[in-house]
Amino acid sequence: MGDEDWEAEIIKPHMSSYVPVFEKDRYSSGAHGDTFNRTLASLSEMDDGYSRRDHFMRSRFASGRSLGNRDPGESNKRENTSTMGDFGVGRSFGNRGFSNNKFEEGDSCGFWRESSNDREDNQTRNRGFSKRDGYQDGNDSEASGSFRRSGRGSYRGCRGGFGLGSPNSKYEQDEGTQRSGGIFGSRRSALSGVGKGDAYQSRSGSGSGRGGYKGLNEEVITASGKNSWKSEAERRESGDTQGPKVTYIPPPPPEDEDSIFAHYQTGINFDKYDTILVEVSGHDVPPAILTFEEANLCQTLNSNIAKAGYTKLTPVQKYSIPIVLGGRDLMACAQTGSGKTAAFLLPILAHMMRDGVTASRFKELQEPECIIVAPTRELISQIYLEARKFSFGTCVRAVVIYGGTQLGHSIRQIVQGCNILCATPGRLMDIIGKEKIGLRQVKYIVLDEADRMLDMGFGPEMKKLISCPGMPSKEQRQTLMFSATFPEEIQRLAGEFLKSNYLFVAVGQVGGACRDVQQTILQVGQYSKREKLVEILRNIGDERTMVFVETKKKADFIATFLCQEKISTTSIHGDREQREREQALGDFRCGKCPVLVATSVAARGLDIENVQHVINFDLPSTTDEYVHRIGRTGRCGNTGRAISFFDTESDNHLAQPLVKVLSDAQQDVPAWLEEIAFSMYVPGFSGSTRGNVFVSIDTRKNYQGKSSLNAAGFSSSQAPNPVDDESWD
Ligand SMILES: Nc1ncnc2c1ncn2[C@@H]1O[C@H](COP(=O)(O)OP(=O)(O)OP(=O)(O)O)[C@@H](O)[C@H]1O
């Protein structure tokens, strides 16, 4: 297909109009006074650590087995071009399968014409994996949100309907004229494809509620010509622009207990979490707990934990829960899918139950005790569902608000009572600006995906949040930060939000990639990617697969293309209306569309049952993004697979960091990749400080040196000044 054709392909007129029915050891971490604790939960972990290093050395210097060497003889073969259902050709999908050159690049056509401003990645590609400084656009905004999740604590099922909440007179004043999208539908042109009887419609449109997640090249330029940190969608909602008003009201989640406590099973590797190396640094580290009982939670909470199917703590929970219960500030870094959400929700709820919160009741100005922020709408919705699950049967009321939905709806949710406010940053600041939320009672601020929340995209909003009138100072509140990745420069910025004696918990393995995810890198040229993708998907069959691409346009294009290939596919990206995004996620969750093509908007946090494969059609530009993306599979002790297409024309600069991530996670490193990595050798490259043992290290060590840290901990005077490195405004 020629360059000029791809747009046409997207809007093929014969396609049916698509209405996406997306559904979708007694861890004495040391006695008081210890400042640095490292726990080896078992001796085997020690062995493991050594073997891992050994493995790394071997993989670096031995030629190794190539997992994806190109075989020109095979390259032109297209083995499974049959229609949907013709999957399972009897070959293994594991390494063997790949080394068999079955998934090799061909010479099929496939031009990508990408506008440079279509990227949704957090970083530009040419930065390379290891470079983390100063990324994000100035107006990256929150992205997605949905009330649905089929994983733990969420309800499942396809949802085709949209909540058509009746506009409330008073709060409708905030909305202005409803112009497009939302409950009245969009005027966007639908483009469609067909897959398994379902049509695919996608494409960014001009409808209200779209957007909300802006990548580096989606900057919004303000009248003054300066980049605005606020997204276009949020500015619309707050009336900053004349753009279409957002009218979408998300459907309420099911209220029945079964739905609230729906969860998926922990996987075969869940018990292996016990062997993960944990490091806690800072002063006076409270001892870790081994069981939920040791947390001394109230009966209702314990009952909810049991109903949620939690019987055993994950490492991040073992360490974080006592720290939060002890009133300490915390920065916690643990691998994807290892239960960070409960690690902050449970102790916060326990405190609320202990202290007694004001029972929810209608009030024009609500004063929540806890504010939780996350970078995407879908993620914050998911966190809300977890909060609702764990607070079930208590007087604590959780509320979620996010962009792309009607502002009046958010306000209506809040005024009914709000103890825990789950919000995306833009909507949160709007609501605070409208004086529907008072901050005086705030005792807990949680930044999930904290590195993302503090980067240049959201950092300014977070800074505004903590500077809002009424917001208790950091000494008077508890601030908690969680992520699977924590670049050092972002950790330094975090100091402004945290008390100087905050604790740092690092759980996990080298490089941060979850070891339960089998990673495979295939050499695939740009023009062969589509063919390879189809080949892989046909082999996968109906197993849930997320396909990550670099740009929103490409997400549309690939989703349409797959539908044409009769592979039931949906897509999620920042140019889709919120309603469409939620439906897409719902369709993916319930298995109606087993393939979800996504941009970076879906890379973080999403906990979707049974995602067995992640395919990086395009490699992301940073290791952190890679780690988060592949972390959508292999969650909670389950296993998963990640396949990444490596284009030697454009990805060679990623070879070195990629080799490191693979080695650190004890994955096979293809010989060809090592060769490229060596050829691209950059003196001094270390693959970042995350390389050796832990997911992330406490950067305070870099300021003081490890020994002094062990001996003396930190003092505020030694804490980094976050504003030194980066301009926030
Ligand atoms: N102790 C536990 N027992 C059983 N299941 C658990 C436990 N803790 C968490 N889970 C489940 O594990 C899954 C992953 O948890 P969660 O989404 O909190 O991971 P995470 O560490 O925040 O991941 P990410 O880094 O991708 O955001 C969820 O379905 C959650 O309900």
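Even glycines carry a Cβ here, placed using N, Cα and C.
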According to TrEMBL, motif 'Q motif' applies to one of these ranges: 290-318, 435-463, 522-550. Which one is it? 290-318
Quick one: which of 620-641, 686-707, 708-729 does TrEMBL have down as region 'Disordered'? 708-729
Write out how many residues of the domain 'Helicase C-terminal' (532-677) are helix, how many strand and how many coil, based on DSSP. 66 helix, 27 strand, 53 coil
DSSP helix/strand/coil residue counts for the domain 'DEAD-box RNA helicase Q' (290-318): 16 helix, 0 strand, 13 coil
Taken over the motif 'Q motif' (290-318), the predicted model's pLDDT averages 97
